[in-house]
Amino acid sequence: MKKVTVHVTLKQGVLDPQGKAIQTSLHSLGFPEVEEARVGKYIELTMEDDADIEARVKAMCDKLLANPVIEDYRFNVEEAVQS
Amino acid sequence: MKFAVIVFPGSNCDRDMYHAAKDVLKEDADLVWYENSNLENYDGVLLPGGFSYGDYLRSGAVASTSNVMKQIKAHAEKGKPVLGVCNGFQILLEAGLLPGAMLRNKNLAFMCHQEPLAVANNQTQFTTEYAKGEIVRFPIAHGEGNYFCNEQTLADLKANDQIVFTYENNPNGSVADIAGIINEQGNVLGMMPHPERAVEELLGSDDGLKLFQSVVKNWRESYVVNR
């Protein structure tokens, strides 16, 4: 089994109102060094290994997990740790 | 004219849409549950507002993958009218029937009030009853209505006259004050403001009535020509 971790983030240049609010809050908490905060999503998939796993996950990202108009994504495939 | 109002789990403006079509316009309309839908016998598809699938992942993303969307795409390809309002607009964007995407409102707040809009294009089958530039008042009710598209898409929207409604006082940060856009073929309209909640004076505005009247009138005219 593989564990796939997907990170989805807003594209650079796309306004991130949530990130902006977080940045403002951090400033008011005494962390003026924060120049930018951007919010993204983290998705874990546990799935059967497959020779095409990279291509399959890429298709999942393009079709559903990310919206290519506003978001970028990156993912990592690793061995799932059996619990 | 026979309308299908598509109901997803989490839709909450479906009854308003149905009421506008059935009781106010006096046309045929059915509430159609997304799972057992056959759209072949319907002339128009209405995608109502709400929070389909709890807005999980992104607004409209999960609904856009449902089986009924394949039928709506086929319906649209035949040139039949599709209107998506609010969450319905978000679903049309996610399904790729309209270009662009929605971001959180610029001020991060869910906004629910009436907004003045300008009719930017009155040459669509949804807007012929309006005058060009006419100011109409529709309610908005959304947290993610901040329309975004890249510069190329925006240039295309402008060049093809696909921007149908614009905000007079942009409440959410949408690019180019966009409140509603239509596809290139001119039969799929998506908009964040709610015309179906502005069909009776009692509701504070009946400016939305002309949108539905436009659809019916244009459908009747093309129906007569095509039969």
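Cβ from N, Cα, C; glycine included.
Taken from TrEMBL, the feature active site, nucleophile covers B:C86. Summarising the environment of B:C86 (active site, nucleophile), the number of other Cβ atoms within 10 Å of its Cβ, over all protein chains shown, is 30.
The active site feature in TrEMBL is assigned to B:H194 (among others). For B:H194 (active site), the number of other Cβ atoms no farther than 10 Å from its own Cβ, over all displayed protein chains, is 26.
Its Cβ taken as reference, B:E196 (active site) is surrounded by 30 other Cβ atoms within 10 Å in the chains shown. Taken from TrEMBL, the feature active site covers B:E196 (among others).
In the three-state DSSP scheme, B:E196 (active site) is classed as helix. A separation of roughly 7 Å, to the nearest angstrom, links the Cα atoms of B:C86 (active site, nucleophile) and B:H194 (active site).
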